[in-house]
Amino acid sequence: AAATCGGWAAVCDKFRTARTLSTVESRKDPETEPYRSKYSARALLQEVKQLLSAAEEGGEARLLAVRRAVLEYELGVNHTDTEELSAGEEHLQRCTQLLEPHRLSPDCVSLYIQAQNNLGILWSLRDEIKTAQTYLESAEALYNQYMKEDGNPPLDPSEHFMAEEEKITDQERSKRFEKAYTHTLYYLAQVYQHLEMIEKAAQYCHTTLKRQLEYCGYNPVEWALNAATLSQYYLSKQCFMEARHCLAAASVIFSQAGQVPSAEDNETEQDQQDLRQRKAEIARCWIKYCLNLLQSARKLLEDNIGELDPDRQLELKAQRKKEEDEKEKGRKKAVLFGTSDICDSVLAIEEKVSSVYPLDFQEAREIFLVGQNYVLEAKEFFQVDGYVTDHIEIVQDHSALFKVLAFFEEDYERRCKMHKRRLDMLESIYVDLNPQYYLLISRQLQFELADTYYEMMDLKIAIGNRLEELDSHTIKKINSLAQLAIKYYELFLDSLRNPDRVFPEQLEEDVLRPAMVAKFHIARLYGKLITSDSKKQLENMQTSLEYYMFLVDYCEKYPDAVRAVETELELSKEMVGLLPTRMERLRAKLCPFI
Amino acid sequence: IPGVSQVALRIRPMSAAELAEGARPIAHRVDEQVVVLRDPMEDPDDILRASRSREKSYVFDVAFDSSATQETVYRATTRGLVAGVISGHNATVFTYGPTGCGKTYTMLGTDGEPGVCARTLGELFQAIEDASGDTEYEVSTSYLEIYNEMIRDLLNPSLGCLQLREDAGGTVQVAGITKISAISAEEVSQRAPMGHGGGPANPPLPGAARLPQVLQVLARGNRQRTQEPTAANCASSRSHAVLQVTVRQRRRGGGLRRGRLFMIDLAGSERAAQTQNRGQRMKEGAHINRSLLALGNCIKALSHRASTKYINYRDSKLTRLLKDSLGGNNHTVMIAHISPASTAFEESRSTLAYAHRAKSIRAT
């Protein structure tokens with residue numbers, strides 16, 4: 001060991017200076033010399049290395065080896081940071097070699113794991129991601145083994161260059177050790193993602209978030225956003241329980257942000273603005289949650305004409321009773337953001353909305369209302385002025401919430417009311433939109449408006465059919481709805497024309513189906529228009545026929561299009577066969593003597 | 001790239017593979033300086049561009065297509081640098097572009113169609129042959145590869161990995177690299193080469209035999225380049241090959257001048273290209289981000305697979321080596337390469353945009 005106390009203190013000082021240069025000073029290095037401080041740090045580390053090898057006589061071989069290992073580690077990281085990967089690798093390998101026989105002991109384990117973390121990073125910089133994976137998984141395994149076999153807070157590597165009285169507390173040691181392991185898991189999350197092992201990546205991201213709460217220190221706004229974003233991943237996998245948990249935790253942690261007094265006296269206007277925006281973004285994630293849950297339930301419950309199937313409903317309700325919540329409890333435990341102080345708050349939010357599929361109107365309505373509340377919250381920030389696209393997407397989500405709720409509603413009149421709400425909100429944003437600059441959104445709105453009018457018209461007809469006879473008021477209503485649906489379908493089809501106002505010969509893949517459906521619906525709508533004027537009726541039938549013919553002709557010309565519109569095509573072919581005959585009969589009635 | 005004084009663009013001929021997959025040519029050289037790239041697909045939702053042409057034109061200092069010979073390209077780009085190097089200035093020629101678009105062909109060429117390197121060396125050797133009696137020249141050549149931040153001497157790969165060293169004058173050298181020298185004096189002398197070194201110098205080669213022998217050595221060196229079996233074509237795609245030619249001039253009566261010419265065959269640029277949100281998505285670089293601040297990006301990417309990756313070049317080995325060549329007393333020529341095929345549209349567009357931007361960068 002180094003000869004005198006004073007000598008050792010000097011060595012420690014040098015080491016610490018080197019570390020300060022590397023971590024603190026280096027951030028201030030100018031762009032033209034980005035590694036200036038790191039090179040200086042390197043020189044100091046080399047000096048320390050020299051001093052250590054000079055002090056080789058007698059003394060603790062083990063202690064010396066560990067100290068050397070610390071230097072090799074620092075040099076390894078230093079070279080990696082300055083993009084000298086082969087030198088970096090050499091040093092890090094030497095570090096692990098020195099520690100190998102003692103890697104499970106408290107004075108070495110943390111350093112060993114950190115060295116492996118850095119080797120993982122290094123190999124990733126060489127685009128050898130599988131090699132990176134082996135190092136990181138090895139670090140992971142070592143942590144688990146250490147915790148199982150020993151578990152005591154191990155020495156932090158920096159302690160090897162500290163005087164006795166400076167050594168840190170067990171609590172601090174544990175904190176730093178856990179932080180190192182959190183990084184191992186975080187790096188593995190990135191690795192799994194690059195290897196397209198998405199589920200595993202998500203799991204490790206989740207664990208990282210969890211550990212940030214427990215060990216790492218975190219920025220509440222950032223953490224909340226990350227948790228909310230992770231919930232969207234879970235939604236894509238239909239894992240509603242996990243999604244809800246993430247969102248609830250996000251909401252709870254986010255609210256912490258408001259409470260923490262900021263460093264400066266008054267938060268700037270910009271900060272306040274940012275906070276409001278983040279809140280609204282989390283609200284949007286909640287909207288997606290409610291929408292997804294309702295829509296997934298719909299898929300399970302609908303029959304082949306899109307109506308709620310009562311048998312399926314009974315089946316699923318029975319199944320729900322039987323289902324283990326043991327399994328659920330197990331899953332929940334795995335993902336629990338479990339720090340005691342937030343547990344209760346998170347639970348409180350979770351209890352406000354279900355995470356199981358709603359199976360009837362009551363249950364659907366509850367979820368709908370939660371979603372609607374978040375719509376209002378999101379719209380507070382994402383107003384039309386300044387956030388057109390975001391605002392419209394929120395309105396579209398609101399409309400979708402109504403649409404899916406209508407599915408669960410049995411009463412047709414009440415369904416109509418829901419669709420009317422949709423029409424109002426969609427039309428009010430559509431009317432102000434410039435179709436030249438918002439082409440895609442314009443089309444979406446046109447189509448959705450047309451579809452909604454179509455749906456409403458069908459409902460009115462169904463309602464009317466229950467009565468003995470359609471009264472003139474209802475007829476007028478039906479016709480008006482049909483005309484409006486036609487109007488919007490036509491607007492949609494017009495938007496597909498090229499700048500010379502010519503309808504494309506062949507339709508692009510992403511507009512093929514909607515265009516065909518539009519044509520098909522228009523054909524059907526002309527067939528539904530009610531008029532006492534036979535001549536008008538004949539005209540409508542002729543128009544209807546022309547639109548049905550369009551589908552048939554197009555699919556003949558472009559057979560690839562068939563699979564996009566199979567059902568509609570079949571019906572169109574039928575109508576093309578039937579209509580001419582009907583029209584003949586009608587013509588004969590009009591002019592019986594010709 | 002600091003101080004680019006000339007940007008050239010070369011479109012190679014369509015390859016057999018491209019023709020076989022039914023690709024159409026979408027890049028054309030319109031005149032001596034203009035290249036036009038046509039977008040093979042139309043985005044129906046892109047109303048702002050629907051009425052505009054799908055073609056974009058780029059103006060360079062000089063443009064070549066498959067009708068240009070190696071000699072043409074050499075004359076238009078590098079030849080003009082030689083005189084400067086001989087009189088003591090520095091210069092750099094880069095080839096840039098995705099793998100398989102002709103960078104190595106431009107730089108090294110083939111036996112029958114030698115590229116820029118061979119022609120430059122030929123010109124240099126000729127110049128020193130023609131030199132008057134009171135000026136003595138020495139041309140020394142090194143050929144190295146930078147791969148994964150490791151420097152390898154392609155003329156002596158067994159040396160393993162070499163280090164950079166900065167000398168008192170601020171010049172960055174590769175310690176221990178092989179230099180092949182040739183001196184203008186008629187007699188073959190065993191004189192040690194002028195100036196500093198750090199590595200073994202081969203004895204100067206006699207007279208007219210010099211050039212072909214040097215070229216042979218370079219060809220051997222090129223075969224030593226790191227190959228990757230998974231690369232798009234057979235050539236190495238991640239190694240930069242740097243041919244360094246130093247010309248030392250000593251006049252009788254004093255004055256020692258030194259000019260350096262770097263000819264660099266850059267690694268395939270396809271990794272540096274940004275992905276656009278259309279059909280084709282390229283695999284991003286798999287670097288691990290140290291900072292937990294990037295956790296958000298990781299999580300976002302779980303739901304959307306593709307994300308653009310911006311690669312930061314910062315004080316990397318290549319730039320350090322060229323430090324005294326770039327900036328100030330120098331001339332830099334970039335020869336960008338693209339394929340004319342419709343299947344390479346994204347890469348071509350990136351390369352053209354990048355090269356075009358390089359045109360507006362001038363050394364201060």
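Cβ atoms are placed via backbone N, Cα and C, with glycine included.
Cβ neighbours within 10 Å of B:LYS103 (ATP binding site), excluding its own Cβ and spanning all shown chains: 28. The feature ATP binding site is assigned by TrEMBL to B:GLY97, B:PRO98, B:THR99, B:GLY100, B:CYS101, B:GLY102, B:LYS103, B:THR104.
According to TrEMBL, the domain 'Kinesin motor' annotation covers B:4-361.
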Summarise the model's confidence over the domain 'Kinesin motor' (B:4-361) as a mean pLDDT value.
72
Filtered by Cβ under 8 Å and at least 6 apart in sequence, the residues in the chain of B:GLY102 (ATP binding site) near it are B:ARG10, B:ARG12, B:HIS337
Counting Cβ atoms within 10 Å of each Cβ, the densest environment among the binding-site residues B:PRO98, B:THR99, B:GLY100, B:CYS101 belongs to B:CYS101
Provide the number of Cβ atoms within 10 Å of the Cβ of B:THR104 (ATP binding site), excluding the reference atom itself.
21
I want to verify one value. Collapsing DSSP to three states, which class is B:THR104 (ATP binding site)?
helix
